[in-house]
Every structure is written in C-alpha cells, then in structure tokens.
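Visitor: Swiss-Prot lists 105-116, 134-143, 274-386, 298-346, 522-540, 653-719 with the feature disulfide bond, giving similarity to another entry as the kind of evidence. Positions annotated as domain 'Sema' by Swiss-Prot, on the basis of sequence analysis: 32-519. Here Swiss-Prot flags 728-761 as region 'Disordered'. For 1-24, the entry in Swiss-Prot reads signal peptide.
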C-alpha cells in the first residue's frame, strides 16, 4: 500500500514546484483558443437564458433527452425549457417560501436574499408523468410532485400544492450546502444534513412504492460512519447480472483523522449500500446494515511516499461504457493546502472500487488510535454483502443477518485500502491559476485516429475549459487544453453542468445565469487545413473546404484530422505549397524616420511561439530579429522605436506549434526619411505651418502614447487617422477663398425660399 501521509508545508511547496510549471512557462498548459463572452455570442455557439434575473441561482438541472426538455431548479422558480433553444416555449412555476418561514429564517440570522427563499435542490424523475421536487423553503424544506405531459408537445406543467410534505432528510436546509440525490425504483436516496445547523449529516432512503415504504438512514450514534460529510454525487450501479446485488454508490468528502497526526483533515470517499437493505432486526433497526466506505485518492506520487494530494472532492461524472456495470468515474478535486492552490481530475474504474470493497477492513481501537488493518475473523456472510437467494437461500433479507455481522459493520464501515486513479495520477491539473475547478462532464468522441474522452470543466469564475488527455508512446499522457470559454458576461461560480450528446450541447448553471453551449466551434479554428489539424479537436476535421464537424465515415482519408500529434504536414496536401510560396497575408506599412512604428501579428493559437524575421531592402537572405531596447516583442506584435532607414524591408511573422512552422503575415515596411517630411512642410505658409506643427506635435504625441500603450491599435489605423486629419485641414485652408461666393448663395437661398411675411400693422 502506498503511504498516505500528508506532506508538511515545505515539502508541499517543493513538490508543487517540481511537478507543476509556473504559469506562463508552459505553452502546452495554456488554452489554445480563448474566447470571450462576446466572441461566443458572435459565433452563435452560446445561448444565454433570457428569462433569468440576477441571483436566481440555477443550481439544479434535470435533463430529459428523450422528450427534448430541461427542467431547471432556481430560487423560487422551476423552469421547463427546450433543449434545442432555452428561450423557446418557456414554461415556469413560481414557488416561493411561505412568508412566516421567511420571517423565521431572518430572525435566525440568515440572509434575506441568499438564504431565506425557496431554492430548488431536488428534481428527480418519479415516473413517466411526475417529477419529485424539493426546495429549501427558507430553511424549512418542502417536497412535492410536478405533473408533466408524457409527450414533448403536451403543455401540462403544474405543481401539486395540495400534497406538499416535509423535505427533512430529503433536501438540505441550507441552499449553499453540497448535496446529492438520486431516484431509483421510486425510492429517493439523498445525502444531506438532517438539522438546521447542518452538523448532523446522513445518507437516507425514503419514498418508495405505496405498498413498500422502508425508510432507512445512517446511524447517527456511530461517529465512524460519517463525520461532517459533504455529499457530492450518488448513482445506482449494478454490480452483477443479479438484480439482488444492485447497489447505490455515493461520493462525498468528510472530516477524518486517518493520518498519523492528531489534526483533522478532509478526505474524499466513495461509499455504497445495497438497494435491498431493509435494516436490522434487533440492532440497526431502520439503519443501513450494508454501509461501507473507502478513501478516494487523487494525488501526484512523490519520493518516499510524500504524495501531493488533492483531497477535496468537488464533482463526479460517470462516463457510460458498453458494460453498464463498469462506467468510468471522473472526479474533480481541489487542494486543502494553504501553500498552493490547485485542482485536478482523476479517473477511476469500478473494478478497482469493487476490489477495495472486497478487500481488508480498517480497525480502530478507540478515537486515540490509528486505523490499522483488521486481522481478526470476518463473520459470515461477509459484511456489506447484499442478501441474495443465489448467495445464501437462508438469508432472504438484511433482517436475517446474524448479530455478529451487524455488530461488525457498526464498528468497521471503513475499508483499509484506498482507491487510486486508473492512470496512477491525475489526467488533468490546474496549478498557480486564479481559479478552481468546480464541475465536470465528459464526452466520448470517435476521431479519425482513435477514440478520445473530451473533458469539459467548469470553474469558480464562470469559464469552461475544454481539454483532452492524449495517450502517446510508452503510455505517457499529454494534457491538451483546446479552449477556454468565458460563458458568462461577469465572473460567476459554475454550480452545475449537464451534457446532451443528442443535441451536442452543454447546459451550465450559476448563481446569476443559465447558458446553453455548443460542444464544438470548428469554424473558429481558421480557414485552412493546417489550422484545423493544429487545433487537435476530436470534434473537428478538414473536409476539403472548411473546418467542420467530424463524422466517422467508411471513405478512407475522406477527412483530414490529427488529434494525437497535430501535424498538418502529414494531413494537408496544400501545406508544402503554402510553405514554399508563403501564401500568408501581405501588407504594406509606412513609418517615419526617428518615430516609432508597430507591426501587428496576433496568432490565433495561444500555444504558438512567435518568431520575427527580416529581409532587408536589396538583400536576399533573412535574419531572425532579436529583441533589444529599440525592438520590443509583445503579445500582439513588434514595436520598433526610433525607426532607422536600415529598418526598411520585409518582416515575416512566423508561428510555431509542435514542429510545424508557418508564416502568419508578411509586412513590407517603408521608412519615410525625416528630411522629406521637413521639405514638404516648408512649402506651407508661415502662419499655417506654425499652427499645424504645434497641433500635429500634440496629436502625434497622443497617437504615439496610444500606439505604445495599446498594441491592438495598428499602424494602419494610425495612418488612416492622419490622412483624414490632413484632408480636413486642406478643406479648412481653402475655405476663405470661396467665402464670398458661399455668402452670396446663402442670401439668394433666403430670398427665394423665405415664406411671405404678413403686412405690418
């Protein structure tokens, strides 16, 4: 077993520096494409829900792909939306908290806006026509049923307010508390706090068929079971082909003293219970008798067991496979360290999780002792096993378990071994950035060169990262961040995400908004085959005319795509021609001697490295430009200060990604001698020359400051402004010559067009 000790602050810092590059030093960790909220709207790949207002807190989503609809739980509202367009045929139910409950909530010291309202936290499909719904009810949770039509076209959408019931142990009191629930066979499984203060947490089962109500919960008297648990997700997952073995798996984090120190730490867990658990006969009555839990580890292995841990579980996503018993488990974790802030994504297999639950139990003599492996005799049937006729015909229910099985599981709910990632460590990390990961969804995508899991990650600042982990030679992993998308106008904590593979859309909720986002924006990568291949997006391929959505086809090499290496030379027939003939955009730039000029070059990819080359006038060879005090390289181009005559020539801006180098733009710089400008100015009359020189000096100084401070302000725009200014000055200069004629025209117009005046009296 690997050591699970928590490194001290110094070792954490050194490990962070060892494993994780400082921001800005690794081009590969930078998102290749960064799109703003405005960019997404212009690309028609983002649809914000227009029915939202600030503070509605869109935290709960229920996706119904079969009928093409999305149920959204928010503050005092439940929305029924169209999956194709969130703003089409919107229906809503207004369900506020009772006024007396709101007053009691405020008297208890809670905030009137963020606490004392009815925040919808449960939306679970009960049957074909009804959805079970629960809201916090201003710290007095309530539950009920929403009636829906069975078909998409039906307009039924109403809450049965006559049959509301208490939501205690089904829904949290606090709207901000992490919470998980799932409906299975008409039973509601929920992990939540059972009291107003949120100290007592429990995993419960309620509801059920009318003839078979069996309320079950965790044992509050056993502190080994749960300690300050924060539930993240829960899922029904079959273990075998025998339905009697079906289990509910739940993922959470809790306070623990698993380490060798006396300090309390937060650890992530995976737990499970049997679906057919009925509680005990003489002990653990109406309590789980099959409750087990194990540690879920997401860490970077370090020297001598000093691993760098990401201990706080934030979200879980199950990626379905062909075998429903073995989905892949994707988890988002964050650090608890005060030394550095980081997030990671780890992947687990159900086979590894089951192996831990079938392994040794942990034992603790008392609260002052450490957890050790239990070496004693394990009672029969094995604690945690579901009762099944095929396993033992004499044990038909958990109420038939022997007393020693019940006693054992009360004291030994924790497994000794931990569950480790399938790949040995995280498949994705974010370190030394100003945000943390909060949500995850994953899509399994078929590409030309293989199959890839595309990961979509929500952050606490309202951005979505689109990434892919690529397996290279010798099973090494390459982490590629394809896009960083600002999906909200203002930074906002992303609290929920759902994916529709049928619609190829993400649905993302936060405190201040709800957004529908396309999984791909192939056209934004560029208009050339090379741009499409360099993107390495499994969704996109070059079809001969444009970068568009890839669809598997039987035609050999019908689409150009290279996710694994991103090599356009091997995929695009026109690349060699474009390299040899340099088919990049070409512009002519004019600069004035001794002034500054800016050569603009903005690569589409943030992962590209830029190099500048110059071919001076009258010379055959090119040389690479080196930055110095006069030549300054910026993210948006090249600033040349105190322009010299020898600076004239052709400037080539070249971008390199991986081994592929191509010219983005060619700029032909012409330097106008300062003497030419002076001789032109001497032809003007003395008065105008002095006035214009004073004005021009001030304006050029302003323009120079603007040019230096804003690299995005191109020299072309500067020259255009100068040209318009000169034209206006010339018009004003010649205006006096025609002043007399213009005055005569005005008099004539007044004489011909003045209305007749009434006679004076």
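Cβ from N, Cα, C; glycine included.
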Visitor: Using a 10 Å cut-off, grab the number of neighbouring Cβ atoms around the Cβ of residue 143 (disulfide bond), all chains included.
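Guide: There are 21 such Cβ atoms around residue 143 (disulfide bond).
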Visitor: Provide, as an integer number of angstrom, the distance between the C-alpha atoms of residue 386 (disulfide bond) and residue 653 (disulfide bond).
Guide: 67
Visitor: If you draw a 10 Å sphere on the Cβ of residue 346 (disulfide bond), how many other Cβ atoms land inside?
Guide: 27
Visitor: What is the separation, in Å, between the Cα atoms of residue 346 (disulfide bond) and residue 540 (disulfide bond)?
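Guide: Per the Cα atoms, residue 346 (disulfide bond) and residue 540 (disulfide bond) stand 26 Å apart.
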Visitor: Between residue 134 (disulfide bond) and residue 116 (disulfide bond), how many Å separate their Cα atoms?
Guide: 15
Visitor: Counting Cβ neighbours within 10 Å across all chains shown, tell me which of the disulfide-bonded residues 116, 298, 522, 653 comes out on top.
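Guide: Per the Cβ count within 10 Å, the most buried is 298.
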Visitor: Pick from 105, 134, 274, 386, 540: which of these disulfide-bonded residues has the biggest number of other Cβ atoms within 10 Å of its Cβ?
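Guide: Output for this query is 134.
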Visitor: Please classify the secondary structure at residue 143 (disulfide bond) using three-state DSSP.
Guide: strand
Visitor: Please report how many Å separate the Cα atom of residue 540 (disulfide bond) from that of residue 105 (disulfide bond), as a whole number.
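Guide: On Cα coordinates alone, these residues lie 52 Å apart.
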Visitor: By CA distance, which of the disulfide-bonded residues (274, 522, 653) lies nearest to residue 143 (disulfide bond)?
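Guide: If we rank 274, 522, 653 by Cα distance to residue 143 (disulfide bond), first place goes to 274.
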Visitor: Which whole-number value in Å describes the distance between the Cα atoms of residue 274 (disulfide bond) and residue 298 (disulfide bond)?
Guide: 26
Visitor: Quick one: which of these disulfide-bonded residues, 105, 116, 653, have their CA within 10 A of residue 298 (disulfide bond)?
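Guide: So the list reads none.
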Visitor: Secondary structure at residue 522 (disulfide bond) (DSSP, helix/strand/coil)?
Guide: helix
Visitor: Check the Cα-Cα distances from residue 522 (disulfide bond) to the disulfide-bonded residues 105, 116, 653 and tell me which is shortest.
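Guide: Nearest in space to residue 522 (disulfide bond), counting only the disulfide-bonded residues, is 653.
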